[in-house]
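These notes concern the structure reproduced below.
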Amino acid sequence: MMPLGLFPLPRAAAVLLISLLTLPAQAAERVISLSPSTTELAYAAGLGDKLVAVSAYSDYPESAKKLEHVASWQGINVERILALKPDLILAWRGGNPQRPLDQLAALGIPIFYSDPTHIDQIASDLDKLAQYSPHPEQAHQAAEQFRQHVNTLRDRYARSQPKRTFLQFGTQPLFTSSGHTLQSEVVSLCGGENIFADSRVPWPQVSREQVMTRKPQVIVVSGTQSQVDNVSAFWLPQLVVPVIALNEDWFNRASPRILLAAQQLCQQMASIPTPVAESH
């Protein structure tokens, strides 16, 4: 007879059990988010009603627009943060300046750092935020739903014919992504092959000639649909390939909404035929 503890739990019961095991002695009551991505993570993890301030451009969900701004590209307003008396700060390790964060940490304020480089780490961040949330079950459920969605996309597009993909950011100068970013992983999820995946730096500056040498079959940009015509014109007449424009906020933020960009990209990538000469 199988021991009781070895019976597999239904998924909902497993999530509830994890929530009970990670329930903090005291959840955070006054939370400050220092990037749009961590603001979205906070809401997804059930911390939205505990936010007292956020960064500039924290515009999702709608209620985030009503919150005070204490950080921007110009820096972090340490004095104002201290006046708000937070018991938790959510920071973006790759984007927020470290010195003011060190000052805040030295004063005893807990800081949660988020800087996913792999798409699965977004779910991990949600699970970790559960310990601070008054609704830990919401954080764990959001993480589980995220993982399920990722697996669904992986299964659906695993057999797609690979397409050499150029991730384009800007034109003058021209930047792209290496294989060590969330954006590159989204491309891989949809059957694309990042032509600069082998770059040693995360966001290399490249030349027009370097791009053409690697012969991309599709170009991916973030922005509105109007970007498509501009990017297509930029490469004429030497390079004529499909251009896919993804919602900028979905694609560039390390939050659950990046899967909306993934779904958008996968659908459009799948509709692009592989050139006959390269399909064998």
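For all residues, glycine too, the Cβ spot is worked out from N, Cα and C.
Since we're looking at a predicted model, the values are computed, not measured.
Positions annotated as cyanocob(III)alamin binding site by Swiss-Prot, on the basis of sequence analysis: TYR57. In the three-state DSSP scheme, TYR57 (cyanocob(III)alamin binding site) falls into the coil class. All protein chains included, TYR57 (cyanocob(III)alamin binding site) registers 17 other Cβ atoms within 10 Å of its own Cβ.
Within the same chain, residues at least 6 positions away in sequence whose Cβ sits under 8 Å from that of CYS266 (disulfide bond) are LEU153, ARG156, TYR157, LEU189, CYS190, GLY191. CYS266 (disulfide bond) falls within a helical segment according to DSSP. For CYS190-CYS266, the entry in Swiss-Prot reads disulfide bond.
The domain 'Fe/B12 periplasmic-binding' feature in Swiss-Prot is assigned to 30-277.
Among the features that Swiss-Prot reports, signal peptide is placed at 1-27, with the record citing sequence analysis.
Using a 10 Å radius centred on the Cβ of GLU79 (site 'Important for BtuC binding') and all shown protein chains, the other Cβ atoms total 8. The secondary structure of GLU79 (site 'Important for BtuC binding'), as reduced to three states from DSSP, is helical. The site 'Important for BtuC binding' feature in Swiss-Prot is assigned to GLU79 (among others); the stated evidence is sequence analysis.
Sequence annotations record features per position, and here Swiss-Prot assigns site 'Important for BtuC binding' to GLU209 (among others). Cβ contacts within 10 Å of GLU209 (site 'Important for BtuC binding'), excluding its own Cβ and spanning all protein chains shown: 9.
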C-alpha spacing of GLU79 (site 'Important for BtuC binding') relative to TYR57 (cyanocob(III)alamin binding site), in angstrom: 20
C-alpha spacing of GLU79 (site 'Important for BtuC binding') relative to GLU209 (site 'Important for BtuC binding'), in angstrom: 48
